[in-house]
Amino acid sequence: MKFVDEASILVVAGDGGNGCVSFRREKYIPKGGPDGGDGGDGGDVWMEADENLNTLIDYRFEKSFRAERGQNGASRDCTGKRGKDVTIKVPVGTRVIDQGTGETMGDMTKHGQRLLVAKGGWHGLGNTRFKSSVNRTPRQKTNGTPGDKRDLLLELMLLADVGMLGMPNAGKSTFIRAVSAAKPKVADYPFTTLVPSLGVVRMDSEKSFVVADIPGLIEGAAEGAGLGIRFLKHLERCRVLLHLIDIDPIDGSDPVENARIIIGELEKYSQDLAAKPRWLVFNKIDLMDKTEAEEKAKAIAEALGWEGKYYLISAASQLGVKDLCWDVMTFIIENPIAQAEEAKQPEKVEFMWDDYHRQQLAEVEEDADDDWDDDWDEDDEEGVEFIYKR
């Protein structure tokens with residue numbers, strides 16, 4: 001199945017049903033009073049995370065989702081039926097962005113998580129709501145309000161513990177094939193990897209972590225060169241980044257300059273991503289003897305001003321790979337995701353008609369107070385003023 005990590009859709013919630021103007025008329029009850037019911041609320045549009053999905057390709061073809069309108073009110077105080085909700089299923093890891101305002105509505109990070117993205121319109125009020133002591137036959141009603149309408153951008157971001165980045169042909173896909181059951185394509189030409197892939201690294205029966213492989217970066221990726229930097233978003237949720245460096249590039253390029261290009265593109269994309277823990281991993285050490293590889297790796301690290309630990313591996317022959325994986329596993333265990341970060345969600349999204357219903361009822365009560373006349377003044381806005389005399 002084709003991997004699609006972005007899609008734009010239109011969601012429209014259902015309109016609220018209109019209120020009804022009706023009066024009770026039965027035998028022997030000629031003046032039964034108002035009995036018009038309220039309309040029904042419009043249906044909502046929800047997002048739901050589903051772990052069985054892994055792409056947004058369905059929403060490249062189906063782009064519009066509309067919830068059902070609420071039914072109108074009826075006589076005999078019958079309230080209209082509420083409109084049916086619409087649920088849109090997306091892969092776990094999807095971020096929902098309102099393209100109109102630019103706000104992030106939510107991150108779908110857990111299976112079964114639900115997010116309200118468009119709220120249905122409020123129901124209209126029937127004339128029963130407007131009766132008062134001085135207005136026994138109200139002919140007022142209100143119509144239902146329109147439902148929310150939003151243009152949404154869906155961004156699928158892979159959920160992985162470890163992210164891999166580097167130049168094309170640095171050996172990222174070979175590494176993920178060596179440590180997991182994932183089988184990304186491997187070849188001797190640049191940009192063999194065209195889409196991100198995930199692999200589960202099982203250290204033993206109880207310990208494992210997920211690693212993400214993304215297409216390689218080249219100079220100018222931030223301006224769209226190569227495959228650009230749009231795949232870097234898949235590393236935003238990773239806890240540690242493995243920066244793979246080809247210690248002896250076949251094209252004769254300078255490994256130090258290659259590493260600086262990656263760091264520069266990372267900083268152009270996001271300062272937060274550039275600040276994540278990043279480990280240097282020198283790959284393809286099987287192409288030279290051990291002493292030469294160690295000397296070359298040390299020289300590259302010094303040229304980069306690298307003061308931390310670095311690793312020498314050969315993904316093809318799996319030399320040094322197991323030790324690296326155990327160190328990664330230890331780091332993940334010692335640095336669990338903070339509860340505050342895990343529970344972090346965007347601020348509450350405001351919907352169009354959040355306060356409408358409360359305002360409507362307040363206006364009805366206010367009108368009723370205005371209609372009350374205690375006969376202490378000379379003015380009556382409606383009805384007959386009775387003057388009693390002895």
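One-based numbering along the chain as shown.
Every residue gets a Cβ built from N, Cα and C, even glycine.
Residues or ranges marked as GTP binding site by Swiss-Prot on the basis of sequence analysis: 166-173, 191-195, 213-216, 283-286, 314-316. In the three-state DSSP scheme, Lys172 (GTP binding site) is classed as helix.
The feature Mg(2+) binding site is assigned by Swiss-Prot to Ser173, Thr193, with sequence analysis given as support.
Under the heading compositional bias 'Polar residues', Swiss-Prot lists 129-145. Under DSSP, the residues of the compositional bias 'Polar residues' (129-145) split into helix, strand and coil as follows: 2 helix, 0 strand, 15 coil.
Look at Swiss-Prot and you will find 1-159 tagged as domain 'Obg'.
The domain 'OBG-type G' annotation in Swiss-Prot covers 160-333 and rests on sequence analysis.
Per Swiss-Prot, the feature region 'Disordered' maps to 127-147.
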Cβ neighbour count (within 10 Å, all chains shown) around Pro215 (GTP binding site): 25
For the binding-site residues Lys172, Lys284, the one whose C-beta sees the most other C-beta atoms within 10 angstroms: Lys172
Between Pro215 (GTP binding site) and Ser173 (Mg(2+) binding site), the C-alpha gap once rounded to whole angstrom: 9
Proximal but sequence-remote residues of the same chain as Ser314 (GTP binding site) (Cβ under 8 Å, at least 6 apart): Asn283, Lys284, Ile285, Asp286, Gly320, Val321
